[in-house]
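According to TrEMBL, the protein has these features:
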- 43-143: domain 'Cadherin' (DOMAIN)
- 144-254: domain 'Cadherin' (DOMAIN)
- 255-369: domain 'Cadherin' (DOMAIN)
- 370-478: domain 'Cadherin' (DOMAIN)
- 480-591: domain 'Cadherin' (DOMAIN)
- 592-691: domain 'Cadherin' (DOMAIN)
- 692-795: domain 'Cadherin' (DOMAIN)
- 796-907: domain 'Cadherin' (DOMAIN)
- 908-1017: domain 'Cadherin' (DOMAIN)
- 1018-1122: domain 'Cadherin' (DOMAIN)
- 1-26: signal peptide (SIGNAL)
Amino acid sequence: MKCHNFQLVQIAILVSLGYLFKTASGQACLFYPLGENRRFERVEENIAVGSEVFRVQVYPRHEFKLEPVDNSLSDINYFRVDGLDNHTVAIKVARSLEDLVDKRDPQTVLKFKLTCKGGTGTDEAFLPVTVYIQDINDHAPEFQNTPYFLEVDELTPVGLTVFRGLHAIDKDKPSTPNSEVTYSIVGGNENNSFALSDPIEGIIVVNKPLDYDYGSREFKLLIQASDHGSPESRSSVTTMTIRLKDSDDQNPIFTKEVYKTHVLEAAAITGARIRVKLSIDPPIHAFDQDVGVNAPLKYSIVQGNEKGLFEMHDQMADLYLVKEIDRESLKSPILTLHIQATQTDNSLRTALAKVDVQVLDVNDNVPEFEYEMYNITVMENLPPGFTVVQVSAFDEDSGDNAEFRYELEDESGAFSIDPVGGSISVKDPSKLDRETKDVIRMKVVAKERKPNVNPSARATPAVVEVHLLDANDNNPQFVPSSVYVFSATEVDAPLSIVGQVIALDPDLDVNGVVRYKRQNDSLSQTVPFDVHPENGSIYILESFRTIREKPARYTFFVQASDLARIESERRSSVAVVNVNIKDINNNAPEFTGAPYEAFIGESLPPGALVYHLQAKDPDSETTLQYSIVAGNDEGNFVVNSMTGQVLTAAVMDYEKKQQYDLLVQVSDGINTAVSPMTVNVVDINDQQPVFTHSYYNFSIVEEMQENVTVGSILALDGDSGRNAIVRYKLLGDQANEAFTIDETGAILSRRRLDREREAAIDFLVIAFDAGTPQLSGTATVAVRVEDINDSPPYFDSDTYIVSVPEEENPPYTVHKMHAKDDDTGENAVLKYLIVGGNEEKMFTIDEDNGIVTTADKLNFERQSEYVLHVAARNVKPFQGPQASSLANPFVKLVIQVMDVNDELVVFDRQSYQFRIPENLPRSESIGYLNATNLHRTQSDQSIVYWIGDGNSQERFWINPRSGELVLTETVDRDPPNNQQVFQLRIFARDQLSSNSFNTSVPVVIVIDDVNDNTPTFDEERYALELPENLPLGTTLPPFFRAKDIDAGPNGKIERYYTNGSDDVFLVNNATGAITLVSNLDYEANDQHEFTVFAVDGGRPPRIGSANVVIKVQNINEFAPDFVGLPYDFRAEENAGKGTKIGHVKAFDGDGDKIKYSLSGGDTSFFMIDEITDVFAY
């Protein structure tokens, strides 16, 4: 607060008096109280006609009337004069004042003057009167052009203005709170979807995202218009109906995420094209979720149909099977198709779903065994139920179609099979006798339960070979019987052999090796004999001469045992040996027919007769005994010592040994004779030819002349003679048509071979011997035909037509040429080259991969089509008998240049300037920019706009499609922001243009000032003091100042005025200077408070205010006066000091404090205090 103190000064001023006073002859008419030179009154607009406004005392009056001032002739019509008595006149309302303040240009002040003439009629006095008409809030706002209706697109962005036409009129005084209208939404605003961005202007904006499809489609907003009147405001309500327009903001959707159907596989793949509509329940269907738009849809398969098995109707969504399906060739029996529904008007709006197509099986496959042949080895004599092998077959069909049962074809009857599991087990152990049959061959058939769709389809049986291992299941058998009788003489020396027992065991290996020993229980006789453990020879242990009592016959037992590895499993038999003791003889026996030569066929079983030895002895009663004494180390032969029969003890094998040289002996017990014996093994055709390799791999260069050796094969036969002579034969028509084979196994070409027609020929060669029965063996021969460059390259077409957009940067791929060559390897390596049509070198071709690319930018306007001649050439020269007639091909490549949009857009102005008021709300449009591609039709261009420079604070936004420039943040032209001008650069380009360049234009946005700031004073309250004797007309020095930060007239202070200054001070409307117009009187009013108003030049104006407090300084202009003079006081003579004897009182017209003192007389006896009392001293 500032306080201004003014010293008392005399200021010479011209005082404008409120009235003029003339005196003439006679008494003048005067207004009372005197000195009132102006009258101000305030009435409400609804004051009743006839109501008294004020009274005034005026006399003597001869003539009294109302007169206009300031040419306001009509103002006096609203008032009339009513004389109450000779001294008092009442001013009353003559007409209604309501129409004055409520009209468009309100009249709030009525001015007139009261004119009075005295008795003579010549003197005149007047009193100016100003009546302020105070508006009262007696009107509610009234909406115009109601009800309101509008349609809003559901995609309207939040913050965008959708309606600015709210308008309500309040008929109260304009530019006052009573007529100032603000708007609000009081109902129907579901989810607060809309808002008033400016409650004064009534601008409705989108407040939250709108959704036609899932939200409200219609809003009935209750809009309230309210004024700011007091003591209470008035309001009215109207309805605004907002209907949403559906936009394409929803993707289509399928009725199901996954559809399911099924289809039968084809019984046979013929390659024929079919078209079978698949039944799907519910049918495939998608719909546009935009209820109001509901765009047509196009259906397609986007994934899972790589083999082209299905087609889909693009409108009806029907699904068709167009190719035969082999279920067994699929990774899964369920094919999942990904389908898509696309809006025809917007390819970006799509929906996806799946279709699971189950391929149902038909019985079109036969079971196949895991192996064509099962080769197993087991022991003989296995128990019943013992599983020897499990065969396995698999049917590629499924379900019932894959069910089958196993059946066994076993001529031996030794085995049975589990029809479900395929386990082959022992059925009859007695049939598992290795000694009878060491290999059992059988077949297993897989027989389907359901008939195959192909009646001729039959499953290939599996072959099972069971090889029996030997088990020790045979006892050694003495031959020819288990009772032997031998003879010895009493003179036989110890270790002399008296005979030989022979036991045979058909088992193999150690199970068939026989060892002998003598048993001790020999009828309690002391037996002077023993047996050789290996060959069974019975020999003398001790000389008979030492035996005192010699019996004529010795009888004992010889046990024959095999040598099974497990001792507890060894088997044995016992023979009875009788040895007769004879007298000595002296003649040696002689062989008959010696020397001996025998022939025996190979492969005969043990025990076969080889030769019958015969000898004679001149002695009588001698018993001859035969034996093999040399050449039989392997034990292949045995001889019956009594009969002389030579037998086989093992199977002979010609291929191992063809001749045995034996030394046989005959003995009469004392004398012996020996003879050589040759046993010749006769070959039997029991060896099949065996190839040195089971698989031969040869190659031959194609186009070679006939009778060229391809390769040689060899088969060996272990037999001899004719049985070992091998001949060869090719199997198969293809093999015999292409090749021949000679007796040495050399394979020769029969004709020229063409690799492109037959790159490989595989066939079987059979080798057979000349024996009886004839045996054979097979081998596989693979002949690979090696390539030569005898095939020229070729293209699939003579002419290729491609399209290439213009103005693409090189190298741009035009087309990939692809030539084929039936040769392989280096013979198929090609080089590509352009041989014509490229004179301007506009294209290049990669010689290795055939990719044709541009060497320069193409321009449709310069040349719209190019025809190139492209050749493909072999790297290697042609070979073969036709080489001279072969040539490399060339084809035409027609390149059509597509005209593309490659021009720059052009703005319709070189620069833009817009002006907007600083209080423009957010989301309001500033203006439109327009750019176009002058070389394209409207439908052949898509212009997009964006702001480049000058928008760092993002106060502006441009619609990329329409070019509408929109304010996104409010601007303030006034300090401290000082946002007066914005300079932007707006860019535009044609999205359909291949040209990547943009066009820009400068945009200047000028901010116009709005009267949005109220004048402000330096202080809210000013305080100063003035002396009460300040002369009338004194103009106070400036002590306050108002300012307005707006620009132009809005920031200029047009006038000042005061309110409540008690008509003591007058303010200069132009300068604000304050002048004293009525005397100050401290005693009457020591303080004056009033308000100073500053009005700016805006339309409508804004008014600022400050309070002024002026304190009046008291001036000592009156001397004190005693009251009640004279004073007469009495005191007793003995009154003590300080006794009160009286009281004096004085009055000061200035109201100053009075101090008392004794100024003369007998002051030595009395005293007075400074207040009032007088005391004895």
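Glycine residues also receive a Cβ, built from the backbone N, Cα and C atoms like all the rest.
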TODO: Taking helix as H, G and I and strand as E and B in DSSP, count the residues of the domain 'Cadherin' (144-254) in helix, strand and coil.
DONE: 3 helix, 49 strand, 59 coil
Task: Tally of DSSP helical, extended and coil residues in the domain 'Cadherin' (908-1017) - done: 3 helix, 47 strand, 60 coil
Task: Across the domain 'Cadherin' (43-143), average pLDDT on the 0 to 100 scale - done: 84
TODO: Determine how many residues of the domain 'Cadherin' (43-143) DSSP places in helix, in strand and in coil.
DONE: 11 helix, 49 strand, 41 coil
- [ ] Kindly report the helix/strand/coil residue split of the domain 'Cadherin' (480-591) according to DSSP, in that order.
- [x] 10 helix, 49 strand, 53 coil
